[in-house]
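As annotated by Swiss-Prot, domain 'THUMP' applies to 60-165, with the evidence given as sequence analysis. Annotation source Swiss-Prot lists ATP binding site at Met183, Leu184, His208, Phe209, Arg265, Gly287, Gln296.
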Amino acid sequence: MDYSEIMVRHGELSTKGKNRMRFINKLKNNIQDVLAPFPAIAVRSDRDRTHVSLNGTDYQPIVEALKLVFGVQALSPVYKLEKSVPLLVTAVQDIMTSLYRDGLTFKIATKRSDHAFELDSRELNSLLGGAVFEVLPNIQAQMKHPDVTLKVEIRDEAAYISYEEIKGAGGLPVGTSGKGMLMLSGGIDSPVAGYLALKRGLDIEVVHFASPPYTSPGALAKAQDLTRRLTRFGGNIQFIEVPFTEIQEEIKNKAPEAYLMTLTRRFMMRITDAIREQRKGLVIVNGESLGQVASQTLESMQAINAVTSTPIIRPVVTMDKLEIIEMAQAIDTFDISIQPFEDCCTIFAPDRPKTNPKLGNAEKYEERFDIDGLVQRAVSGIVVTEITPEIVNDEVENLIDALL
């Protein structure tokens, strides 16, 4: 027998009361986005399950994709069949025969939500267990911790049989907690911050600053590939490329070297906030980790934050670098992040950046710039690309070859 579908059990959605169906419908849409590379599948949801019909598609890549989607508590490959006792008996016998090995223990666990069905749960357990013994007389039944728990569900529309339960990613469906702008540089930290924001249901749009010719097409492709990795957790992501060359050259030419990083980050924050307002976001997300670099001391954060009243979420702020690296490896962004392309934060980095910049000094140096004009020109020049979870090469070099 081949699996008919993957049955998805919802996570925290069971606690969402009157908003439950909104959360479930969002999860359904996210699953459809993530499974877009598999055109034969079909997705439908009810109040306590989402059903992914395979329609002949190999179940294994579908399971691997669904395991990453936030809002999924658990999933099971299942056999779907008509609610017929003879069909159930045959299916259970075939499944257990295919699984059998010497010493195998099992139990039947039946759940009947269709109370009009001819047998109740206890009667079905007895009947189906007996059917297994007919074809496997040496198998052993065991009620506690058996090797195989064969789950049989009798629902209104059909009967379902499964024996695997695979842990999902948990969290909330992406998009159920509002929208935020993720400042993604291309380093290790910001993709991890984006992943953690996605886990709590935040719909992120990626803001990436590009300064050609100082930053290369490879750096842009790298940032887009990192964004593509993040789409596996909740579907399509809007990638916003911001032209930043003019601003960086202005800062380089007119500001003291010690304040280059502070002023650069203040402009980035202003621009991200303007894009957030334009695109109806609620928060800004970044990958700052307290004390990790000069721009991430409390004094630096205070001086940079002063340009906006928008909430700033820093998911990795208390994490050690090694913890961030481990998470980046777990979510498969690390190998991309360490590709050797310079980003806007590194091309003009001073040898001795100010670790305790004074807000008054930053504001004084900014009097040398046409702040509103620079920000407006940057925002008006953005390029928005929708990044989808299509199948791509693992290596950034292959992406660069396609650009050349």
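Just so it is clear, glycine is given a Cβ too, placed from its N, Cα and C backbone atoms.
Location within the structure of each feature annotated in Swiss-Prot.
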{"residue": "Met183", "record": "ATP binding site", "Cβ neighbours (10 Å)": "24"}
{"residue": "Leu184", "record": "ATP binding site", "Cβ neighbours (10 Å)": "29"}
{"residue": "His208", "record": "ATP binding site", "Cβ neighbours (10 Å)": "27"}
{"residue": "Phe209", "record": "ATP binding site", "Cβ neighbours (10 Å)": "27"}
{"residue": "Arg265", "record": "ATP binding site", "Cβ neighbours (10 Å)": "25"}
{"residue": "Gly287", "record": "ATP binding site", "Cβ neighbours (10 Å)": "25"}
{"residue": "Gln296", "record": "ATP binding site", "Cβ neighbours (10 Å)": "20"}
For ATP, whose listed binding residues are Met183, Leu184, His208, Phe209, Arg265, Gly287, Gln296, the greatest C-alpha pairwise distance in Å:
19
